[in-house]
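Chemist: Residues or ranges marked as transmembrane segment by TrEMBL: 43-73, 123-142, 234-258, 278-304, 340-358, 370-392, 425-442, 462-495, 507-527, 547-567.
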């Protein structure tokens, strides 16, 4: 097994080396088949897309390529490329990451999670609902990966108290070893959890029984199947809830912010998308999808038994649920009384959300209207709140200290130190966002987006509602195999031009594409949360494929419903807006200029 692993690693290294060297040469025909500037820009985009999909280079390193290649190929000067990596959208995302770091520092997220689980109850269906609600709420503010990694150990401890140690057959053990080896070879995300101990044997008392009746064997088999299904339902619900929850806020996941940044690049006059308007659209969609997903998972894995609503619970299950309730209470007690720092973080977290939501909610004047128009953005709001975290004391200040000359002059620890922020904030995501914005700027300046739009004539006859469904399906399938961030960076320029060709509001196509990137449920490699859950060894690919297929379909249909109902009034999707019309006129003049230059050259 070790030799096989070493061989796979060598093969992976060779493949990366081949992709790094051969991809630039293989894409040279693109330079020769298109107009000079558009061809060069498309060459860079395809090269980056190939590197992103194969991970021949780290994602963040690939995102830095425009800084080097755009100036050398004459696409954009460096003074236009570099600022794209530090737009106000990046700082809005940074403020969310810093706030999440402070929440994790003081274990506020764990207290919230355990409190919610105490409220929903310990029946399996209710616990799955509690897990999904808590994970999705945390994922609105923390990263999807961090939310999943935090909730899985809690779920494992509860399952352990419900069912004891999980019995596994030799075949299952062998399959789990293969799964773990596969994850190590493919460098997927893993997280240490109590699952490492779940493959131990059942109580030894069972081995001492001499005779077991056929009825008892049948009941035991049914109980084991029930246990296995509930276990899978718990594990699979957490990453799904994290992916769904991340869509509810602009800062919840990177594709949402990439949409905001590219809107500002392509349509500078567009001001209808901000934290408040996005929340009003995406939060109801998240709740509906979460409820539908919970019903599907609970029915599929036995949390809800449609045939036996009136069936009386066995004493074993009643005792197990009582033990699970005690485990949750015990974990909550271990946190101790609420600290001053937790109360302060919760207050600033609420301020963070309320101020972002109320800055410019569109349906009423926001507090930003008190200042000069255009000066206050969501980034200003977010950074203002998180700066306070670096000097606000983590212990309750004593006013007596100011008047006691003999009091020791000890330095108080702030709610968040810069060292902690450096360690916990994923700075690579900031670079990844910047690479997406630089790519979008290159498409706009080079005229590539207009050239792509000119090749979309066959799609002009497609009805817009059908286009929404097709776009969401295509992107949801594509992101099953590629990074959702890379996927949306590649697709958004095409969707913007397609919307202009169809004469519909660009948001009508760009928003479904953005959210569709987060609807990747079918494969372990689709998202880091899926990988974390799968790495426990108790889920198989067919479990995720069977569950995720209907989740994808539900997501596509619910998103289409949202875009054709309440989203129309929030984003004014029923009309072709003036800010998009200006872009269309500029594109037309650009095409005319290119045609004139071509004719004069002939």
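From the backbone N, Cα and C atoms, a Cβ is placed for every residue, glycine too.
Predicted automatically and left uncurated, TrEMBL annotations should be read as such.
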Chemist: Are the transmembrane segment (425-442) and the transmembrane segment (547-567) close enough that 3 or more Cβ pairs fall under 8 Å, when only pairs 6 or more apart in sequence count?
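Modeler: No, the transmembrane segment (547-567) does not contact the transmembrane segment (425-442).
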Chemist: Any chance you could find the range in 43-73, 370-392, 507-527 with the most Cβ pairs under 8 Å to the transmembrane segment (234-258)?
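Modeler: Going through each listed stretch, the top one turns out to be 507-527.
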Chemist: With pairs restricted to those 6 or more apart in sequence, evaluate whether the transmembrane segment (123-142) and the transmembrane segment (43-73) have 3+ C-beta pairs under 8 Å.
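Modeler: Contact absent: fewer than 3 Cβ pairs fall under 8 Å.
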Chemist: Run the contact check on the transmembrane segment (462-495) against the transmembrane segment (43-73): 3 or more C-beta pairs under 8 Å, excluding pairs closer than 6 in sequence.
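Modeler: In this chain the transmembrane segment (462-495) contacts the transmembrane segment (43-73) - 3 or more Cβ pairs sit under 8 Å.
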Chemist: By Cβ distance under 8 Å, which residues at least 6 away from the ends of the transmembrane segment (425-442) in the same chain are close to it?
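Modeler: Distant contacts of the transmembrane segment (425-442): 41, 44-45, 48, 58-60, 62-67, 70, 75-76, 80-81, 84-87, 89-90, 93-94, 97-98, 101, 143, 254, 257-258, 261-262, 265-266, 448, 485, 488-489, 492-493.
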Chemist: Cβ under 8 Å, sequence separation of at least 6 from the ends of the transmembrane segment (43-73): give me the contacting residues as numbers and ranges.
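Modeler: Beyond its ends, the transmembrane segment (43-73) has Cβ neighbours at 15-16, 19-20, 23-24, 27-28, 30-31, 81-82, 84-85, 428-429, 431-432, 434-436, 438-439, 442-443, 448, 481-483, 485-486, 490.
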